[in-house]
Amino acid sequence: METTTNKKQQQETQKPSIYSLELHELREWLAEAGEKTFRAEQIYDWLYKQRVTSFEDMSNLSKDLRRKLEESYSITTLNTLIQQTSSDGTIKFLFELHDGFSIETVLMRHEYGNSICVTTQVGCRIGCTFCASTLGGLKRNLQAGEIVAQVVKVQKALDETDERVSSVVIMGIGEPFDNYDEMLSFLKIINDDKALNIGARHITVSTSGIVPKIYKFADEQMQINFAISLHAPNNEIRSSLMPINRAYKLPDLMEAVKYYIEKTGRRISFEYGLFGGVNDQVEHAEELARLIKGLKCHVNLIPVNYVPERNYVRTPREQIFEFEKTLKNAGVNVTIRREQGHDIDAACGQLRAKERKEETR
Ligand code: SAH
């Protein structure tokens, strides 16, 4: 009882995260506080290059400014509850937020660099029938700074071996387009060369298909990689897997996708999870090929990750290759997603669902 009250008080008194501020917002805050705006670059340097965790350490700022910062903002430090390393080097973190909720972040090691998968919401309200992240619904949105803090935290861990986070995928817990503004600030901050300087082409965002936000995102004209969780070749199957498809139907989603490709000139990725007996037959591959014919796109086939609370079964290997071949023969760009972290519950939401049952019930 006492702990709940403490957590609640902590939440109410928690100051906004300084990592939520885009550079121009920090400048505006400084101007209002009667300070020189060039201090913004200095503060960014402390936060993102030196990666300090206290305002006290920002030694080239006046004591007075450090006090003002302290009074207005917090430097989000995430508490590591669990850190699991897979035999393939993938590291999965379960982090605790200031109000006691937990989120997952995954670090994947590739030949071309280190990629991190971040969470945008505590839980999710989209309700995909195969996904562990949505168990227990949505608890709250993350602030931009809480998403940025995941990257800073993992980068600090990599600092020890002189490595860097080279790419970011927004494919952790939550629907990024359901927390649109914070997600967008997050993108701008990590992309900023004065902050983490992660190139737009090394950032990927994935959505379950919130159609109005796809139009909005296309108009932002960011050069980042964009993925759609498609998972079905037709409206009926998609609705059975993803309730969001009843609000935003497949034909409307495809229209939005076309708009995105035309507006940005960029290729889109479709994620297609193979769910045994549901969407994994040769005729589904043929139907999918017809659906996306002529679009500048790529298909990522994802063999289903087993989630104990869900009852989907894996497609046999041979059948996965058959599915891939059918798409290839129809001229579709396709790859089977390499699986990492299988032994550490690395699919989104799995670790949280296992360790934090009270949050996901
Ligand atoms: N909410 C966003 C971001 C999550 S990305 C989205 O839906 O796109 C994570 C990807 O993994 C999504 O394509 C999601 O549909 C997929 N996924 C979730 N649970 C899965 C499971 N059990 N097996 C295979 N893919 C899964």
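From the backbone N, Cα and C atoms, a Cβ is placed for every residue, glycine too.
Feature annotation from TrEMBL assigns active site, proton acceptor to Glu104. Summarising the annotation, TrEMBL assigns active site, S-methylcysteine intermediate to Cys348. What TrEMBL lists as [4Fe-4S] cluster binding site is Cys124, Cys128, Cys131. The S-adenosyl-L-methionine binding site annotation in TrEMBL covers Gly174, Glu175, Ser206, Ser229, Leu230, His231, Asn305. If you look up TrEMBL, you'll see 110-343 marked as domain 'Radical SAM core'.
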Roughly where does the domain 'Radical SAM core' (110-343) sit in mean pLDDT, to the nearest integer?
95
Any idea what the Cα distance is from Leu230 (S-adenosyl-L-methionine binding site) over to Cys128 ([4Fe-4S] cluster binding site), rounded to a whole Å?
11
What's the CA to CA span in angstrom from Gly174 (S-adenosyl-L-methionine binding site) over to Cys124 ([4Fe-4S] cluster binding site)?
5
Cα-proximity to Glu175 (S-adenosyl-L-methionine binding site), 10 Å cut-off, over recorded positions Glu104, Cys128, Cys131:
none
For Cys128 ([4Fe-4S] cluster binding site), which of the listed recorded positions (Glu104, Ser206, Asn305) have their CA atom within 10 A of its CA?
none
Rank aside, I only need the closest one: which of the recorded positions Glu104, Cys124, Cys131 has its C-alpha nearest to that of Ser229 (S-adenosyl-L-methionine binding site)?
Cys131
